[in-house]
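*Asks:* Structure provided below as structure tokens; questions to follow.
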Amino acid sequence: MYEYSFNPNIDHEPGSVESQQSTIYSDSDDSDDSFLDDEVIPPKEQAMRKIEFALADIKRQMDNKEKSLTLRISTSKSHFCLRYTAKRKGKLDRDLHCLHQVYDLLENDKRSTKRELYYEHKAVYGNQKYLDSSIKSICELLNESRANLNILSCGRGIIRGAITFLVENVGVIDARVQEVLITDALLFSNIISEADFILVVEKDTTFQKLMDENFQAMFPRGILATSKGYPDIATRNVLKMLSEKRKFPIYGLFDADPHGIEIYLTYKYGPTKEFAEGRGAFVPTIEWIGLFPTDFHRFTIDQSQCLPLVRTDFVKIEKMIPRSIQLGEIVVTRELDWMIQNKFKMELESINMCGQEYMARFLIAPRVMSIEKEIPIQPETIINEYHEDSQCSLSTDDDREAKDDDYIDSDAEEKFQNMIDNDSD
């Protein structure tokens, strides 16, 4: 390893790092970047070799007093690199500190949260957001996910239900009796659970509403989770681990609007613009069970709960339809088209207006469990009661079947195909 001087008093200017395919390359033809060849090297050792090369190369540039410095893992022109001008010296300082911290984690087989890394060199980073920026840059440089660099995420997601985690150096975390914060530490835990499924809901308000309405009593073998909006990397990683390790079926419940459907696609496939930091953080087995825009007719939701689509909604839908077709998401494509035709959207809360525990009993139970008989209720009586009190009811089987057959016509499909061909995303 090479040592170099840091200046902890450098101003911590905001702004993103300049990054591009390098136009500055080593003037030495015998630079050793053979570790990037197709030899079999453990991922940990490969990442460490990349860091060693990057630090040695940047030291050579500093010794040569080059005006513009380039952080790279190879002399190959095809590899991603980070370039710094004299004005970006503060950013370079932070990125080099981050590289050293990551190397230490890998070398000593340790794991650390972003917050812990920040406090190790608080004087250098100045603010948590600057460390976050450096981590993102380093992940892109090394082409490694955050998890592969032993950096743990303290996500904002929570989980509750029939699952217990045995976490090293922490102990027993029982989600049956308390909400559990979803962090990357759960990825390395032992799991005790006899759950039948995991239900992911978009928002914390829906999560709390279901808990208040006795979700655990209705679904004693169920697990409820939320990322409180846009799905963070830690939540996606943990859900993916649970689906792979324990084969839990995972279902998703989101708003019947463009944003909610986009969140579902992000859970299942990752973001449209993927960065190395979160590579692989998606849950391919998740199944969307609602709220569908077409549920407006299935549950006869009151018209007052419908919100008109605005211009940004139409723009988002037009971008999402080609993607849904490419992904083979027939239901998503159909629901987006229905939304355009009817020009309104709904939030999950709209179905709560139909009555107490209505979402759990008549939306979740039939679609997740398909065992309405196991829930101690009398559907016909309750449906009639809700219909009288709040003008909400289930549609008839004929109505439901008719709506299920409401697919996109051939003209629309041709239009969407043209959108795919011209799509810039």
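Cβ from N, Cα, C; glycine included.
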*Asks:* Tell me which of 1-38, 381-418 corresponds to the region 'Disordered' entry in Swiss-Prot.
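*Replies:* When 1-38, 381-418 are checked in Swiss-Prot, region 'Disordered' belongs to 1-38.
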*Asks:* Using DSSP, what is the helix/strand/coil residue split across the domain 'Topo IIA-type catalytic' (15-158)?
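*Replies:* Secondary-structure composition of the domain 'Topo IIA-type catalytic' (15-158): 75 helix, 20 strand, 49 coil.
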*Asks:* If you draw a 10 Å sphere on the Cβ of Asp255 (Mg(2+) binding site), how many other Cβ atoms land inside?
*Replies:* 24
*Asks:* Give, as a single whole number between 0 and 100, the mean pLDDT over the domain 'Topo IIA-type catalytic' (15-158).
*Replies:* 81
